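Record features (Swiss-Prot):
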type	residues	note
BINDING	9-16, 56-60, 118-121	GTP 1 binding site
BINDING	202-209, 249-253, 314-317	GTP 2 binding site
COMPBIAS	470-490	compositional bias 'Basic residues'
DOMAIN	3-166	domain 'EngA-type G 1'
DOMAIN	196-369	domain 'EngA-type G 2'
DOMAIN	370-454	domain 'KH-like'
REGION	452-490	region 'Disordered'
Amino acid sequence: MVPVIALVGRPNVGKSTMFNRLTRTRDAIVGDLSGLTRDRQYGEAKWQGRSYILIDTGGISGDEHGMDEKMAEQSLLAIEEADVVLFLVDARAGYTAADQMIGEHLRKRNKRSYVVANKIDNIDENLARAEFSPMGLGDAIPVAGAHGRGISQMLEIALREFPKDEDELEEGEEVEEVAEGQEAKRIPGPSEKDGIKIAIIGRPNVGKSTLVNRMLGEDRVIVYDEPGTTRDSIYIPFERNEEKYTLIDTAGVRKRGKIHEEVEKFSVVKTLQAIKDANVVIFVMDAREGVVDHDLNLLGFALEAGRALVIALNKWDGMTPGERDFVKIELERRLFFVDFADIHFISAMHGTGVGNLYQSVQNSFKSAVTRWPTSRLTQILEDAVSEHAPPMVGSRRIKLRYAHLGGANPPLIVIHGNQVEKVPKSYVRYLENTYRRVLKLVGTPIRIEFKGGENPYEGNKNTLTDRQVNKKRRMMSHHKKADKKRRDKR
């Protein structure tokens, strides 16, 4: 399961700055997700092969209204749900009464908590550690979030007990796994043994649990016509046509302002974790409501996580032809950014169209985890460049030399060349569409990463032979004598 890290602390200690710096490492900020209070944000980040979910909580002032009330309103849920709590304090302001109250609460919860002394610029680190030692949460980790100082040490401590992502490939592995001349091959991994993990996600009351029951053929998940019936993510293994699957039924993510019970607030993290844990995401929408903004938020997170995607419009039965045509137009207009995903019009209640989901799941999973040899990917690149060359940069043209596979689920294609940092986004989209069309990729995002040409001798110090050293000395002596003669003539 993807670990969850919560940032807590008083107002203005740098939590949001830290949140932006950490999530910007993958440009995967997911701000203002529904189901969050006004001052909380959820984001996804990755550090040294470890993905994690980050929560930016509201500031806790510890004023006269009491610590418990503030914690319940802003940060208690994040602390309870988190695997690790980073307790940010202001090294400049020093140890305050509010810090003491927050520290006492964390000790009572028996959570893995670390004190992070932020704004350490021009402050003695040893003094900062001593300042916050009375809280009893270990030595403070000195950082300067605004400038990135100490961030690596903080993440190393926070994530050291969590393994690297399962689909992380070691450098160079992509070239050796597939022999030249072999067209493609399926990447072995946990999914081959345990079955394809499918996360069923969507807003509350769109029919996710009904769909799970229909796919299983039995009532395994309690279903009521009440949003938020499913309180936690439920993992259900099963087999169909000798294929293994595991369905993950997630609690519905409620719209902000409609959450009243603590247990439903937890469902936001559970949904995000389920997306990261899945191989394929089936995104369920209510056809009668069409595409709403909250659907786009959830789709955005699934895309940032790089998961294969299948879209199911539920409650299609009972709609008039005119209503169906309107919904299809809305889908084309608002879901253009996921045009690679199969869309199914289903009725989970009556089973119409549900069986077709399995083929899309299989196709999406295969596209997400298939590996191609370097020669194949490079040939596609050469054909694409031949048909439509990269633009000129000044008087020089961008050169793209070769490509190889850098990862799977989603497929990551690494392209090497010169001036690659100047490749425009429009050309990146052209390459993505070309690879998707030629490789017949369906249902999965595709990512392209560029690497510039590197000097293989950079950093190598050339050791001179004795003969070269003597020659260099003679030449330097000759130049000195020549300079002296020129000065004497003047």
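Quick reminder: no glycine exception, Cβ is built from N, Cα and C everywhere.
If you measure from the Cα atom of Gly9 (GTP 1 binding site) to that of Gly202 (GTP 2 binding site), you get 32 Å. When the C-alpha distances from Trp316 (GTP 2 binding site) to the binding-site residues Asn12, Lys15, Thr57 are tabulated, the minimum falls on Thr57. Looking only at other Cβ atoms within 10 Å, the busiest spot among the binding-site residues Asn12, Thr57, Asn205 turns out to be Thr57. In the predicted structure, the domain 'KH-like' (370-454) carries a mean pLDDT of 89.
Using a 10 angstroms CA-CA radius around Gly202 (GTP 2 binding site), none of the binding-site residues in Asn12, Lys15, Thr57, Ile120 qualify. Annotation note: Lys208 (GTP 2 binding site) sits in a helical segment as assigned by DSSP. Reported as a whole number, the C-alpha separation between Asn12 (GTP 1 binding site) and Asn205 (GTP 2 binding site) equals 38 Å. Look at Gly9 (GTP 1 binding site): DSSP puts it in a strand. Ranking the binding-site residues Lys15, Thr57, Ile120 by Cα distance from Lys208 (GTP 2 binding site) puts Thr57 first. Helix, strand and coil content of the domain 'KH-like' (370-454), in residues and according to DSSP, is 32 helix, 28 strand, 25 coil.
Ranked by Cα separation from Asn205 (GTP 2 binding site), the binding-site residues Lys15, Thr57, Ile120 are led by Thr57.
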